[in-house]
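K.L.:
These came from TrEMBL, pasted as-is:
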type	residues	note
BINDING	Gly165, His166, Ser167, Ile231	NADP(+) binding site
DOMAIN	5-120	domain 'Tetrahydrofolate dehydrogenase/cyclohydrolase catalytic'
DOMAIN	139-279	domain 'Tetrahydrofolate dehydrogenase/cyclohydrolase NAD(P)-binding'
Amino acid sequence: MTTLIDGTTTALRIRARVAEKVAHSVRIHKRAPGLATILVGDDPASAVYVAAKRQAIREAGMRDVHHTLPAEASYPAVAALIDQLADDPDVCGILLQLPLPKGLDSAALIDRIPVTKDVDGLTTASAGLLARGADGLRPCTPAGVLWLLDAEGVELRGAHAVVVGHSELVGRPMARMLLQRDATVTVAHKHTVNLPSITRLADVLVVAAGVCGLIGAEHVKPGAAVVDVGIHRTDHGLRGDVRSRELQGHAGLLTPVPGGVGPMTIAMLLANTLVAFEQGQP
Ligand code: NAD
């Protein structure tokens, strides 16, 4: 029997809990957390993601502070906006939507966000805290994966976790977070030789390769917990990096696409914003 992990319901629960805490803060302190989103250019996928995040911000009762800059915005213009939001006491979180138009140095711009307002957990400072195992705001997608595994009671200490993908956004922070939880962690990537021989060692397999249907039954140890981070729009609807049908009756736990990790990313963004707000309260 394979149990499907319901990320949609878990994410809605987290969002409702965040909304309750925000409402409490508004009653007591007369202040709501302000989350600033910055969209540079007119990439349609980015516009959809930002719209979904802004709707979630409003539904949580937070202040939706949004800025759109044109695709030809200069580095100094984007930097000045980030600096202004960094100094704004009514903004507790800043999110710079990626990817940025070609020619803008994303890493340098992200690093202008103060670590205390880095609700996406993507600055070098936040990555450093995570690498050290110190407290800090964590990247939303890996944080969502960990939340789902915890909600299912998956034991991470001593488990062999394999992460497929080593991007700064998902794979690397995921591996560090699993290590922090005392899992034995192996990271595979596109240069890994004989991927199935590595992934079959996993008690917990997190797949974030961005390759539709990369992982099938031959990659998975029977009974393993498999988390599919990949999202691909296909003619048959949304699909992941995992051939989920093959894993039915083979994996122990499996996140579906859609309805698995995807909804958790926004829930974690709201949870991070609440933490940033509470830590910034006088
Ligand atoms: P990326 O392209 O930055 O990184 C992909 C990683 O996978 C790289 O480390 C690469 O070495 C590795 N890889 C590529 N081909 C491989 C192969 N054949 N075998 C093994 N490893 C391989 O992608 P990303 O930003 O980390 O995102 C990965 C996937 O997750 C994408 O499908 C993306 O859309 C999705 N994603 C989903 C969410 C969500 O909210 N659910 C959030 C972020 C990303």
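Using N, Cα and C of the backbone, Cβ positions are placed for all residues, glycine too.
All annotation found in TrEMBL is predicted automatically rather than curated by experts.
For each feature listed, report its degree of burial, its nearest neighbours and the pertinent distances within the displayed model.
P.N.:
Other Cβ atoms within 10 Å of the Cβ of Ser167 (NADP(+) binding site), summed over all protein chains shown, number 15.
Confidence over the domain 'Tetrahydrofolate dehydrogenase/cyclohydrolase catalytic' (5-120), given as mean pLDDT on the 0 to 100 scale, stands at 97.
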K.L.:
So how far apart do the NADP(+) binders Gly165, His166, Ser167, Ile231 get, largest Cα to Cα in Å?
P.N.:
16
K.L.:
DSSP on the domain 'Tetrahydrofolate dehydrogenase/cyclohydrolase NAD(P)-binding' (139-279): how many residues come out helix, how many strand, how many coil?
P.N.:
52 helix, 28 strand, 61 coil
